[in-house]
Amino acid sequence: MSPLYLSLFQAFKRSVLMLFQAAPKELRNITLLTLASSAFPPLVLLFNKIIINEISNLLARGAAANPIALIFQKPLLLWTIGGVVLLNLFSDSINTIVSFIFTSLRDRVQGFVQGRVFHKVANYENIALFENPELLNIVQLAEKGVQKLEQLSFIMITTLNGIFILIPSILLSWSITWWIPLILLASLIPAIYVELKYRKQCWEVENTQASINREMNLYKDVLMGDSYAKELRLFHLQNLLLERWQSLFKRMFIKMEQVRQKGTAIVFFWSTFSGAGVALPFVYIVIEVLRGVYTLGDLALYTGLILQLRQSLYLLISSGSDLYNTVLSTTPIFQLLDLQPQFIKNNKFNLNTLKKTVNKNLMGIHIKNVSFSYLGNNKQIIDNINLTIQPNEMIALVGENGAGKTTLAKLLCCLYYPTSGEILWNGRDLRSLDLNEIYSRITVVMQDYARFPTTLRENVGFGYLPSLHDDTAIRDAINQAGMAKEVEYLAQGLETLLGKQLETGVDLSGGQWQRIAIARALMRISSSELLIFDEPTAALDPKTEHEIYNIFRNIASNRIAIVVSHRLALARLADRIVVMEKGRIIEVGTHDELMGLGGQYSLMFNRQASSYQ
Ligand SMILES: Nc1ncnc2c1ncn2[C@@H]1O[C@H](COP(=O)(O)OP(=O)(O)OP(=O)(O)O)[C@@H](O)[C@H]1O
């Protein structure tokens, strides 16, 4: 059984619990109002019976000259008419209040559950969550499940309402003759069965199509997202990509439509069969009235009752099957919330053993026999690497595209764990360290850095939250990253919103965004022992790039620094250069040593140098 398995009952229990956590007051009020209003339909039927019998008796004496006065002379008739009017009035106003409370309940549930899902995804320790199709499907289905959970409260209340109306109806119809409720129920059983089966099939189709749905969403992002907008138009890709989206949609729709058509036909057949179950009790009552056993009032009460009983049974079935379907759909929410990073298959290690084995004599970073493959792909992206990085050493990782430099940098940041081998930091295996502890001790500038849709202050200050409101620290970081001049021109200074999607947002050039990312990293430099810069200057002009490298050299002087770069003229500033090829380290040494070696590095360096001549 999959570790993510959750039974339907567990999912139901947790869904209800979550609803109560999200909106306890609303749920209580709706339940009470529903309970009260469910007494209305049987009461109306009962009052109608009394009214019809009273009127039949009065009519037997001849037509009334003054009907209003006559009603007032008959207290029972007066009270029951008043009762019917009042019940109708209250039923409408209660419905209005209930629908108002439902709106607020829906919003609360959405906010609460979505918040939990966002929290789980944003705090999920391992970014493999975004690369594993199985996990991505769960995220996708959980997002859909959030909408379903909102509906669950409505369905539960409808079911409750059905039950409340059903009980008095059963008791009353039982009093006519015992077999009436039984025959109604029995005729509905096949309809219940096929309906549940149909719902399950629909859910299974939805489940198996999660990956198609995800692919469709990717095309949606390309067609609608601003980062693709320019190339989409310049290369005329709109129709091609739209057709791809449409073909995926068709594939999904056709399969679902097949299940729907087949299901509707079967459900229709059995619903008609169950409708026939009403005929027998109805005919029986008409005969009994004609035989003089029942009055006309009884006829109105009992036929109304039978129809009400059937209707509430049907309501119960359809809301029961909605409930079934909804609980199935909410299951992924809890599968996602229960997800633990160790479920990622290539992280097989014994944490307790790792925690105990600490070698205090090993300072710096020791990469020992490390190999790594991305999930779902057996190719060794890092292939048995061994490397020791001394304390205070600056290393430049170089190599051709796809050599595995970024992957190695990501292993050092613990964004992934090695498939085999170990990485020790000051004698301790990285996997035995708390991730928050690691992240607080390292500074990273990624190749694909983030552009937060917030203010300049936050884009920089997010690097070190305690200094978010420390203007001096933020301005220092901006100055060091070479952004001082640009900031001078921003009307709102540090409070300027960045990103053109924001109403008053200012857009920056690629190089400016990169300098913001560097400034963000510089914010946390004082608390960092390890610096990892992956192509940190790719978008910078040569002058700024040189300045930034000098800053790196400076700040790296009493820490371990690893810089991934294709600019070999700058890589030579490092203490040692590590050359990678196809996931392996092929050369290690200083610039002069490697040039003397006449291997891959000298070839790359000479090629780059010649392109400047
Ligand atoms: N998230 C991922 N999932 C699967 N494969 C990946 C992933 N990221 C990278 N790869 C693969 O790993 C290999 C090494 O990529 P990596 O980014 O580490 O190379 P690199 O040396 O940094 O390249 P570049 O110089 O182009 O940045 C590539 O073949 C790439 O296809």
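Every residue, even glycine, has its Cβ placed from backbone N, Cα and C.
Note that the coordinates shown come from a computational prediction; the quantities given were computed from them, not determined experimentally.
Lifted from TrEMBL, the feature list:
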DOMAIN    30-325  domain 'ABC transmembrane type-1'
DOMAIN    365-607  domain 'ABC transporter'
TRANSMEM  76-102  transmembrane segment
TRANSMEM  152-172  transmembrane segment
TRANSMEM  178-196  transmembrane segment
TRANSMEM  265-287  transmembrane segment
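Counted as Cβ pairs under 8 Å, contacts with the transmembrane segment (178-196) are highest for 265-287 among 76-102, 152-172, 265-287. Residues 26, 29-30, 33-34, 36-37, 40, 43-44, 47-48, 50-51, 54-55, 58, 153-154, 157 of the same chain lie 6+ residues outside the transmembrane segment (76-102) yet bring a C-beta within less than 8 angstroms of a C-beta in it. Listed by sequence, the residues of this chain that lie at least six past the ends of the transmembrane segment (152-172) yet keep a Cβ under 8 A from its Cβ atoms are 15-16, 19, 23, 27, 30-31, 34-35, 37-39, 41-42, 45, 98, 102, 105-106, 109, 181, 301, 305, 308-309, 312-313, 315-316, 319-320, 322-323, 326-327, 330. Model confidence over the domain 'ABC transporter' (365-607) stands at 88, taken as the mean pLDDT rounded to a whole number.
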